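Residues annotated as domain '4Fe-4S ferredoxin-type' in TrEMBL: A:295-325, A:357-391. Annotated transmembrane segment per TrEMBL: A:6-25, A:65-89, A:109-130, A:151-170, A:182-203, A:215-233, in sequence order.
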Amino acid sequence: MSLLSQLFFLILLGVSAFFIGRRILQIRKNILLGKEEDRTDQPQRRLKTMLLVAFGQKKMFKRPIAAFLHLLIYVGFLLINLEVLEIVLDGLFGTHRLFAPLLGSFYPVLINFFEFLVVGVIFSCVVFLIRRHVLKISRFTKIEMKGWPTMDATLILVIELVLMVAILAMNGADQVLQTKAVAGYPVTGAFFFSSIFIPLFEPLSANTLIIIERVAWWGHIAGIFAFAYYITYSKHLHIFLAFPNTYFSNLKEKGEIKNMDNVTNEVKSMLGLPADPPPAEIPRFGAKDINDLSWKHLMDAYACTECGRCTDSCPANTTGKVLSPRTIMMKTRDRAEEVGESIRKGGAGLEDGKSLYGDYINKEELLACTTCNACVEACPITIDPLSIIIEMRRYMAMEESSTPQSWNAMFQNVETSFAPWKFPPTDRFNWAQDVKAKISDQ
Amino acid sequence: MSDFNIQIPTVAELTAKGEKPDVLFWVGCAGSFDDRYKKVTKAFVKILDKVGVKFAVLGEEETCTGDPARRAGNEFLFQMQAMANIQVLNGYEITKIVTACPHCFNTLKNEYPALGGDYEVVHHSTYLQELIDQGKVTAKEGDFKGKKITFHDSCYLGRANNIYEAPRKVLEILDAELVEMKRCKTNGLCCGAGGAQMFKEPENGKKDINIERTEEALDTGAEIIASGCPFCMTMMSDGVKNKEKEGQVVVKDLAELIAEAEDLI
Ligand code: SF4
Ligand code: SF4
């Protein structure tokens, strides 16, 4: 029996690892559809940013209640993995509670600690479900959240709840089995929270309890594998990508818009200045599709948790314009997934007649942005929706020449009068005459 | 020339005399042409003159930094402007620039270096704060006593460049009551004009952004909305007008408030 279950466990582990690994490679490929961008300078500052923002959850604390609940789930997630390690080893070696004899009296302390975390996670998941479905917090019910995104969020919370309840049921049955001195269930001492199941389990026969314990055990571990695979399709990918995403985040002042070096070369040669290297054939100005964006833009899109803090603070969105920075991120990811999937199947990929700009994100959205950086500031994992917006505006202005008439007039003024308004450049210094005149009148 | 109390030399004039300014005052397009913002330019010049700093302006040689062009996506136009300006600035060996416009400030400070223009760039809020710290600028007591002032953070000063304290420090010497809006500092709400929005109609929505922001400012009960940006000034003034509150509430730049407190206006 044990050997059979060991074999079965090995197969389950192998199959899970295969599918999860395949998805990870696919996501990596999709992200690498983006252009190169160097984000390897200042490694120490990067590491510090990652530790503070991803590991330390620094930016979450702008909203303390959500931050606290999220922290419970996050710490639970990190630490309960230690128990998962025991479960995996037990599965492979056909043992039961492998760590118990090794850790001695410390073992129940550890398990009790995990149970506290489990209850913390359950509490947070329940509150989160209430916030989404009963209180209907506005950022969770915006138009871009209709359908799958809300379903995804709900599913994750429910799965986490089930996994946590499975741990408690498993420990509860285990304790009763211990008191009944069933072989293979070493005495570990009492567990704090799962003992609530004891009155429920006490009257049951040892066989039934073993079944319950085993079902909970297998359910828990198989659930974790399924969950791990599922999150590669979900916004919950952020639990992994938040780390590299903060490490590679933009360290420059938010106000700086990245220089287009290929344009610099063209402008220099137009002005007769030495340009290095000589202007090469430029495939495209700005971004029409995901391959015109950088890999970091695409990593941003995969890391986005759809929390909507960006959209919530966006002046355009909050005053009713169609722009939502969260939608920009979601659409970018959708497009990257679509293209990646098509390439994987040997399909048209980027040449499918569609593009991010136009088919996913429209002009009206892009034009509404005030470049205020509120979205960038708000994002708990340093995602930069503004930078994608600017790249697509560049495409509009330089490739399509489809900027609004009033902007074209502004361009014209800058070009001919050297100011965005149509004033004669010779009047530029007139204000000084005013000051002088006024004072001389006194 | 001796009729004039204030000397406003251009860099070209100084160069002709074989001199260099310690600091270049970058006036900006709004500061040069916009009737309302010209008053801010003049107020700031009066302060510079009073503290005796050796400053100069570019005068007719100044042109748009290119900020709105870049943000509207026209990188070519931006770079043409930037390179022309950098040639002028480098030609005069300018090292330090002060400006009252956060958009000019941001572009000169953060975006010109990639094109060969490296200067020490200061926004006038920081500059004023330094003058206050050095005791060179003081305020006459009483002018603003008991008045409520609220400061509207400009995105390009605040979030874009992390300057939140300097403007507040400047307002502190006014002996007024500084009140904060619901959304301030890192959470500040845009006036609606950045990113070249100043130069086109807003997209359709429930409301214009400047109206939303003005409502927040009015909610504080302040009589003075202080700003440090020409775009914010325009948007907030329009908002106050829209709410028919011109009688009770004024929008003023930091430099104007200081000049007033110093009896320079
Ligand atoms: S930068 Fe643009 S998208 Fe981001 S919050 Fe401001 S207006 Fe919205
Ligand atoms: S971009 Fe950041 S703030 Fe916006 S939804 Fe995604 S994770 Fe949240």
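Backbone N, Cα and C atoms are what each Cβ position is placed from, and that goes for glycine too.
Curation plays no part in TrEMBL annotations; they are all automatic predictions.
The predicted model assigns the domain '4Fe-4S ferredoxin-type' (A:357-391) a mean pLDDT of 98. Contact between the transmembrane segment (A:6-25) and the transmembrane segment (A:215-233) is supported by 3 or more Cβ pairs under 8 Å, counting only residues 6 or more apart in sequence. Between the transmembrane segment (A:182-203) and the stretches A:65-89, A:109-130, A:215-233, Cβ pairs under 8 Å are most numerous for A:109-130.
Annotation: stretch A:151-170 has the most Cβ pairs under 8 Å to the transmembrane segment (A:215-233), among A:65-89, A:109-130, A:151-170. Secondary structure counts, DSSP: the domain '4Fe-4S ferredoxin-type' (A:295-325) has 19 helix, 0 strand, 12 coil. Shown for the domain '4Fe-4S ferredoxin-type' (A:357-391): DSSP residue counts in helix, strand and coil, namely 21 helix, 1 strand, 13 coil.
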